[in-house]
Amino acid sequence: MSVAAAVVTMANAVASSAAHAYFDERSYAHSGHGSSSSSNSTTAVTGTTAHGSSSSNTTTSSDSSSNSTSSDSSSNSTSSDSSSNSTSSISGTTSHGSSSGTSTGHSGTSGKHGHSHTSGDPFYTDVQVWMWYATCAVIGLLAIYHGYQLLQKWRRQRKAPLTAEKATEKRLKPWAAAYAGGRNWLNATAFPSWLYAPETVADALWTSAYMVVVFAITFRESAGWSFDAHSAQGIANLFGQMAFAQMPLIMFLAMKNNPISLLTGIPYQNLNYLHRAGSRCILVWSWIHTGLSTIRITGGRDSWSATYIIWGWVALAALTLLTMSSFTIVRRRLHQLFFTSHIVLAILYMVGAYIHWDEEGTWIWMCFVIWGFDRVVRWGRTIWTNRLWKAGRGECTIEVLEGDCLRLSFKRYGFTWKAGQHVFVSAPRVSKGPVEAHPFTISNASNDEHEVVILSRVYGGFTRDLLKAISSTSDKTVRAYIDGPYGQAHSLSSYDHVLMVSGGTGIAPWTAQMLELVNSKKHARTQLVHLVWIVREASVISWVAPFLDQAAALLKANPANIKLAFDVYVTRGSVPVISETSSDGYSFDSGSSQQEKRGLDTPTEKSGQLTPDTSESEYDTVAHLPAAPKDISLTSSNEPAHHSLGKLISPEAMSFVRFHKGRPDLKTIIEQDASTCPEAMAYGVCGPLGLMQTCRTALKQASNFSTVLKGQTPIDFYEETLGQ
């Protein structure tokens, strides 16, 4: 903020001596100086200033909505408004950086900006106010809907689940079936992954609705506009003011400590599409503002070399580059570049916009206040959570697992969280930047030991640096700090059946949900917890083995009417099957699945059923990020650790773990779980973009208006993502 202030001061020093003339005229129009009269009144306002001083003599003021004339000159201007026999004159002269109350009407020749208003100045302030009225109204409606959903879950949690007979007899009304089917269609219909666009139809509708509302507010009083040299500048100013008014909202939507998320229940990472939608709207409005403003310049009423015009172009260029660098392919494949450029270009845009039109600078300062508040809260939470004032602070134990995976363990006294939440991890001695922090989903449930466990594959950035840090020493401990937890956790305990699908390390939120559900004191509502995990090699079961054993122990200690199923689909290599000849009770078969050996009915995908996007490599990553470097080896042998499976997982856990060869037939799995679900079912997915799209498609095929109308249980769809 000090750098921005210095730049602004320098720019103001070289600006014209009438830097605040526009602000003064605007203040005069709204301040209520003098009195107004509708007839037989005469006013005269004169002001002269010298060497930074100002003075004015004001008698009365008369204004009206019609019959006004205006004229302008380089040194003074006169305007008159009347409704009946009234006259008003305002004149002023300036020197040596002084300003005076000068009225410019449409011409706006005074002031460094040329952003002038007509006698209807309240129109411009009105649209900014209406912009925030609309924003608060939408947030209020979403908060009410969120409260309604919480009430529905609470009621469902309290009442006994339906019996199988009653569930079979139940049929939804047409409107309820239409709502359930339409909701799935909106949330599950995806766009091509390379587009700089919302990922689903629901996102597209929200984006379109936002643009339409802002457009309607902008033009709410556009009657009588014309695009001559006078009125074009007024319209340009209006678009510019609307762009400024949206900036605090965009900053709010980018906050990690987000009050909008608290009110609406929408995780901050899911609000990113509205953050991007608002940013696109600001870009379009800024270009319209620029295009209309060129009429003033080409008409000879201003110069291309004016300070405010130069900084306007700087701001517009920064915003355009910022938008281009936010394309999906950049966000996912070059995330660190995206993150760094986002901050630099955003600051450049706000500084340029402030210098361009400092009378609207309040909106810029609001952005810095919002950003500063978020940073202060995050720093405060980091200091408190990691007890930075104590010795031995910030310890993190790192364990290298099969399949290029790291298990990070933190013990933080008093730290609690909900399943599905995530933390930001920073390691100043390992990271390339002092403020570098990376989001990771917590893999385990909150516990009395206050131990946080994170699973992450090794990629080419921060995780590679962590691996190097422990590879150079026998000590597997590094100093790292966590900030969080973040994200609005989804409570799944009110559902009868819970189906969770994941690929690779996308299993992290679902292992935490699994442990919470089987350990819940009120889990009588949930009858089935079904996890589907798609991996390359069966040996990666070591990632989640401790969680499976913990779940088995919880089920044994707290017997309840809940069934746990953990299906592992292996896309490469062999799969383990029960064997009486193996020393650990398991053998490996590369050509058949465990379901065939056991006679299980969990479906496996038929050839060609998945889309081309869902390649094997995609299922093993959380996002499209660079692969681990070839010079890093995580295992001492090329042979997979298959034969230690019996030692990794207890016999109790193996009672609900099943291995399959190939990929799952998700549509059939959804249909089977829904067919036996009494009333409420949740379906969640976490993994790479290809898997997300496949899961959405399967949901649309398995649950729609027709199937729900015939009696199928409505399915609530959840996606776990960090918003990249």
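Glycine residues also receive a Cβ, built from the backbone N, Cα and C atoms like all the rest.
Feature annotations, courtesy of TrEMBL:
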COMPBIAS  29-110  compositional bias 'Low complexity'
COMPBIAS  584-593  compositional bias 'Low complexity'
COMPBIAS  595-604  compositional bias 'Basic and acidic residues'
COMPBIAS  605-614  compositional bias 'Polar residues'
DOMAIN    381-492  domain 'FAD-binding FR-type'
REGION    28-118  region 'Disordered'
REGION    584-618  region 'Disordered'
TRANSMEM  130-148  transmembrane segment
TRANSMEM  308-330  transmembrane segment
TRANSMEM  337-357  transmembrane segment
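Sequence-distant neighbours of the transmembrane segment (130-148) (same chain, 6+ residues past either end, Cβ-Cβ under 8 Å): 213-214, 217, 220, 242, 245-246, 249, 260, 263-266. Mean pLDDT, taken over the domain 'FAD-binding FR-type' (381-492), works out to 86 on the 0 to 100 scale. DSSP assignment over the domain 'FAD-binding FR-type' (381-492) gives 15 helix, 40 strand, 57 coil.
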